[in-house]
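This report concerns only the one structure given below.
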Amino acid sequence: MDGALFPHKPPYPIQSKRPPPSQSSNQSIKFSSATLHLPPPSPPSFPLDSLLHHLVHLSSPPPRHSNSAAARFPSLEVSTDSSSSKPILGIEIENERNGSLKLLCKKEVVLVNSIVEQPLTGLSRFFDSVKSELLRTDLVSLVKGLDDSGHWERAVFLFEWLVLSSNSGALKLDHQVIEIFVRILGRESQYSVAAKLLDKIPLQEYLLDVRAYTTILHAYSRTGKYEKAIDLFERMKEMGPSPTLVTYNVILDVFGKMGRSWRKILGVLDEMRSKGLKFDEFTCSTVLSACAREGLLREAKEFFAELKSCGYEPGTVTYNALLQVFGKAGVYTEALSVLKEMEENSCPADSVTYNELVAAYVRAGFSKEAAGVIEMMTKKGVMPNAITYTTVIDAYGKAGKEDEALKLFYSMKEAGCVPNTCTYNAVLSLLGKKSRSNEMIKMLCDMKSNGCSPNRATWNTMLALCGNKGMDKFVNRVFREMKSCGFEPDRDTFNTLISAYGRCGSEVDASKMYGEMTRAGFNACVTTYNALLNALARKGDWRSGENVISDMKSKGFKPTETSYSLMLQCYAKGGNYLGIERIENRIKEGQIFPSWMLLRTLLLANFKCRALAGSERAFTLFKKHGYKPDMVIFNSMLSIFTRNNMYDQAEGILESIREDGLSPDLVTYNSLMDMYVRRGECWKAEEILKTLEKSQLKPDLVSYNTVIKGFCRRGLMQEAVRMLSEMTERGIRPCIFTYNTFVSGYTAMGMFAEIEDVIECMAKNDCRPNELTFKMVVDGYCRAGKYSEAMDFVSKIKTFDPCFDDQSIQRLALRVRENLES
């Protein structure tokens, strides 16, 4: 192995030995805090105050109006600038262009003008003041008049007032008014407004037309009110009017979004066939989208094959939906075959087609290939859009390739593709993970200048970034600021909070937030369960994790690849290797789909448990499915081979890194140094360290600890102290592992006086010795037969650390007595 392996990176040393310097040259080097150039403790890694200040400043809270519909119905966030952006009507019947306005009588024209002249905040009071006049007016014509004149928001506020009056018994709503209202809000995509107001209307008392019912079904689907949609659909079939093809497509969408409803979807399809309704592209794409959400690859392929066998010719929309199935699962080979079939059938690919291909590559770990799709699209005359770029940027961020992500972001802007809020959120997330707060602030400003104000998802991103141990107070603060800026939590927010508290190690807060979520009217979904699993994975509580999985299944939810990945993490953290094996066997038996993420987690779980055989099996399984390992996988395999002295296999991993065109990172070189240290070639390890110091990959604490460990194992304590001095000169503070390595080295050499120097140095530098520190010293005395010295050392532990645990001292004293008696 030589420098040719990675020609553009720090070369590996070719020197096999380096004679130690003469002892006389090292006499002056002594372990002492006076010889160490310790830097001050690092500041907090995430300066939240400054970042939060900018986010609050840039966030524009949604307007609140005490007398508007939004005040009584928080979901009624319709446009509030209509009074300034729309001209006030001075309606003259004879020259009005809108046909419906010509039908208004003079009294109704005056009323329309009066409504238009009122500020939105004063509409409720105005309606109350002209209540008797409104009740004598043709309300259908009045609502149409407001809508046709461009003031649909005022028509909605009028309808809201009518609903309140109807509930108080002052009037009976006309079914035509409801139909017009539903059409207006459907046209304007105001589904949450529609769903909120419709909850106040006893729909069972009205018979509406099929178009209105279909729009209401769509509103329920968009707002997650699936049970209401299903009840309404069943009532339509029982009472009329008969559902149309569009209605059936909407109810298919309802079942697809609701989840765990594949049999019901098949039942709806059979019902459509029995009524002679021919499937269109929306039917097919909706069914395939349902498969994508649930990971139903086999069902999707069977449904698509059946369609074609019946003579159906898929169009771009249907093919895109099929691509989404494979894209979500990361099965890029199937996605490529779909793209090939489209070309063979002369079916034009659009930006959505390529976006799904990008998603497939990303899910399979091929971020470079995903970026290559952008060039492919351009050559074929299809311009990549914000979704395309955002998907790849997010993939780079998750792979730890922040610089590539930022480079692509700026290339996106240069190409004339305007980033959207999702793009900025992805960039903010990857910058936050690396604590690059100054760049985050610049990105927030850039976001605002491009007309993308921070939204709820931006705040959710900020909450997620606070999910580190000990940062639960920061989570609380960000959540308070989020609400003060007018962003009420949605289900995604609650899921993010549960996950963030879990990562902070605050399982109590995570459970509390789950309770708040249900009280707020949000039902748990797969993401919620995964957030709970994430909290349990941090603690290794695999028993509770298994209960969560059982609860999911009992409620009809199908655990996803994320669910099983988190269970693997639970087992790994909890040391339950048999649990890892059970999931591995289910994957091999075909019960769980072997996605890129799941197999990657399987390998990492085995690595965490130091299970060599399990890691090798997972690595073989990973490559068997055609997935591309990332540097985390390669580094894990390199490390476990090194730990087990399997140097030929370790060199094979290094060769695979080169063949895959990947760049070794600092973790790779740290593992390589560890390999040399384990072989006793500490000088080679130092050569790599010296080369790293001159490269862009600057050595870290692990790098120096590894070389120090090598020298200590060889008894070259003066060289180890020299490395420690160089480390601190570079601004890297030693940790407990560093000090314990010196204790171990001095103990092996019988240099007990120096050990006390190390412990005193630890105390001076705010690094408390742990039980292992003292245990190594006690064992060293015992091995040397110095039992009385060992007991003397135990008796003065409190002088080194007055807060050291009494039970630990008793255990150490017992250890000395047991050694003496053996």
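Start at 1 and count along the chain as shown; that gives each residue its number.
Glycine is no exception: its Cβ is also placed from the backbone N, Cα and C atoms.
Taken straight from Swiss-Prot:
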- 8-22: compositional bias 'Pro residues' (COMPBIAS)
- 23-37: compositional bias 'Low complexity' (COMPBIAS)
- 1-42: region 'Disordered' (REGION)
- 209-243: repeat 'PPR 1' (REPEAT)
- 315-349: repeat 'PPR 4' (REPEAT)
- 350-384: repeat 'PPR 5' (REPEAT)
- 420-454: repeat 'PPR 7' (REPEAT)
- 455-489: repeat 'PPR 8' (REPEAT)
- 525-559: repeat 'PPR 10' (REPEAT)
- 560-594: repeat 'PPR 11' (REPEAT)
- 595-629: repeat 'PPR 12' (REPEAT)
- 630-664: repeat 'PPR 13' (REPEAT)
- 665-699: repeat 'PPR 14' (REPEAT)
- 735-769: repeat 'PPR 16' (REPEAT)
- 770-800: repeat 'PPR 17' (REPEAT)
Helix, strand and coil totals (DSSP H, G, I; E, B; other) for the repeat 'PPR 11' (560-594): 25 helix, 0 strand, 10 coil
Tally of residues which DSSP labels helix, strand or coil - the repeat 'PPR 16' (735-769): 27 helix, 0 strand, 8 coil
Stretch-level contact, the repeat 'PPR 4' (315-349) and the repeat 'PPR 12' (595-629), CB cutoff 8 A, at least 3 pairs: yes
Same-chain residues near the repeat 'PPR 1' (209-243), Cβ under 8 Å, at least 6 residues beyond its ends: 178-179, 182-183, 185-186, 191-192, 194-195, 198, 203, 250-251, 253-255, 257-258, 491, 523
Within the repeat 'PPR 1' (209-243), residues counted as helix, strand or coil by DSSP: 27 helix, 0 strand, 8 coil
Spatial neighbours of the repeat 'PPR 7' (420-454) far in sequence, C-beta under 8 Å, 6+ residues away: 45-47, 50-51, 54-55, 58-60, 386-387, 389-390, 393-394, 396-398, 402, 405-406, 409, 412, 461-462, 464-465
Positions on the same chain near the repeat 'PPR 5' (350-384), where near means CB under 8 A and six or more residues out: 316, 319-320, 323-324, 326-332, 334-336, 339, 342, 391-392, 394-396, 399, 401, 404, 408, 415, 417, 595-597, 600, 626-630, 661
Within the repeat 'PPR 12' (595-629), residues counted as helix, strand or coil by DSSP: 26 helix, 0 strand, 9 coil
Integer average pLDDT (0 to 100) for the repeat 'PPR 14' (665-699): 90
